[in-house]
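K.L.:
This is the structure, below, for whatever I ask next.
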Amino acid sequence: MDLLPDLWKQDYWLPPGVTWRDMEQLADSDRPRPQDLLIALPLALGFVALRYVFERFFAPPMGRCLGVKNRLQVTAAPSLKLESFYTQRSRQPTQSEIISLMLSCGKTQRQIETWFRLRRNQDRPCQTKKFGEAAWRFFFYITAFVAGLCCLIDRPWFWDHKECWRQYPVQPMERAHYWYYMLELGFYGSLLLRISVDIKRKDFKEQVIHHLATIFLLSFSYCANYIRIGTLVMLLHDSSDILLESAKMFNYGTGWRKTCDTLFVVFAVVFLVTRLLIFPTKIIHTTLILSMEVFEPFAGYYFFNILLMVLQGLHIFWAGLILRMVYKFLKGKLEKDERSDEESEVEEEEMEKGGEENMDQGDCYWEKSKDTLNSKLSMLTNSCVLNNLTNHRSSVSDRMRKAQ
């Protein structure tokens, strides 16, 4: 603290009339110190390593039990020029770029478009990878929630939020709350460290903002001894995240549609109640209004509440996505997570067009995909649509013979 006098100026962190010396009344083991946050970095690295082990050895057998299977993927035919353009310039060429590639590669426009669509689909994450990420987050959230609930349920501020500010800042910190803070901080740090290699979803930017706001929120609340209200924020957020990740796990499996739908409905209810009702009326009300009964506004007060408002804004954004999914679910049209990564062309279109478009790739490519096409044709032969079409053609032939 002596090295950074301006950063740790007590006017920024503590209410008027409160100094760092007031917190020194507590024993070292009961007092939060800024240097304690340094342990979050090795914890984040430890979570990254633990996650690798989990996704490598534990997630695959779990996925097999739930019937998680990677969908059949048709690879794009090798082309040095197209591959170079794809990796160095753009994954989705413009019309003028397609014309230029047609001239340089000697292919038709349809072949170029097909090649880029297939190539983009090759980079799409497989189901097992999605399942591994969801399973890892599920196990952390459920562990953190159960542990947090056990160490908070018998504390007075869990039931009466005015207790969050009683005798502030001389509030001793329990060891369980210290580790609750550090583990949550390390976990969100690990999410930021791996964000470049994790599956990118539609709300990628919002996720980054959420992780950064959470880290700043945890760090500030720890240093300013907002431990009590901070633990309530963490517990509230983990409660709905458990249901979200469990619903994803069953969604990636096979034969768990009813279970997935049930978990999704429960998640939607819990999320809307906790994030749009309890969070603003209880948590933000406690920090914004009830705290003013104990001290006057200061810089840290505004900073802390602004971060809570940022989280609330993200809650509203995600609530909109959830309500949209609920609407589609009730209409019977819900097919996937609204946040999930999605190629510009949907996978169903790819499967329908795959056989016809692959023939344009040349004889060499045809040989590679012949088995796949044969299997699709055999499936189509048994389909009701094709059988009805065959019966219709037979009846037409009979009528023609009779007419003759």
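Just so you know, glycine gets a Cβ as well, placed from its N, Cα and C.
Curation plays no part in TrEMBL annotations; they are all automatic predictions.
Relevant sequence annotations retrieved from TrEMBL are reproduced here:
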type     : residues : note
TRANSMEM : 37-54    : transmembrane segment
DOMAIN   : 69-126   : domain 'Homeobox'
DOMAIN   : 129-331  : domain 'TLC'
TRANSMEM : 138-158  : transmembrane segment
TRANSMEM : 178-197  : transmembrane segment
TRANSMEM : 262-281  : transmembrane segment
TRANSMEM : 301-323  : transmembrane segment
REGION   : 340-364  : region 'Disordered'
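Each of these features: where is it, how hidden is it, and who are its neighbours?
P.N.:
If you look at the transmembrane segment (138-158), the same-chain residues 6 or more away from its ends with a CB under 8 A from one of its CBs are 54, 164, 174, 176-177, 180, 183-184, 187, 228-229, 231-232, 234-235, 238-239, 241-242, 245-246, 249.
Beyond the transmembrane segment (178-197), the same-chain residues lying 6 or more positions past its ends with a Cβ under 8 Å from any Cβ of the stretch are 32, 36-37, 39-48, 51, 140, 144, 147-148, 151, 207-208, 211-212, 214-215, 218-219, 222, 227, 230-231, 234.
Residues 15, 203, 206, 209-210, 213-214, 216-217, 220-221, 224, 226, 233, 268, 271-272, 275-276, 279-280, 283-284, 287-288, 291, 295, 338-339 of the same chain lie 6 or more positions beyond the ends of the transmembrane segment (301-323) yet place their CB under 8 Å from a CB of it.
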K.L.:
Sequence-remote contacts (6 or more beyond its ends) of the transmembrane segment (262-281), Cβ cut-off under 8 Å?
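P.N.:
Cβ under 8 Å, 6 or more out: 236-237, 239-240, 243-244, 246-247, 250, 311-312, 315-316, 318-319, 322-323, 325-326, 329.
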K.L.:
Other than its close neighbours in sequence, what residues sit by the transmembrane segment (37-54), given a CB gap under 8 Å and a spacing of at least six beyond its ends?
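P.N.:
Same-chain contacts beyond the ends: 132, 135-136, 139, 182-183, 185-187, 189-190, 192-194, 219, 222-223.
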K.L.:
Looking only at the domain 'Homeobox' (69-126), how are its residues distributed among DSSP helix, strand and coil?
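P.N.:
Counting residues per DSSP class in the domain 'Homeobox' (69-126), I get 35 helix, 0 strand, 23 coil.
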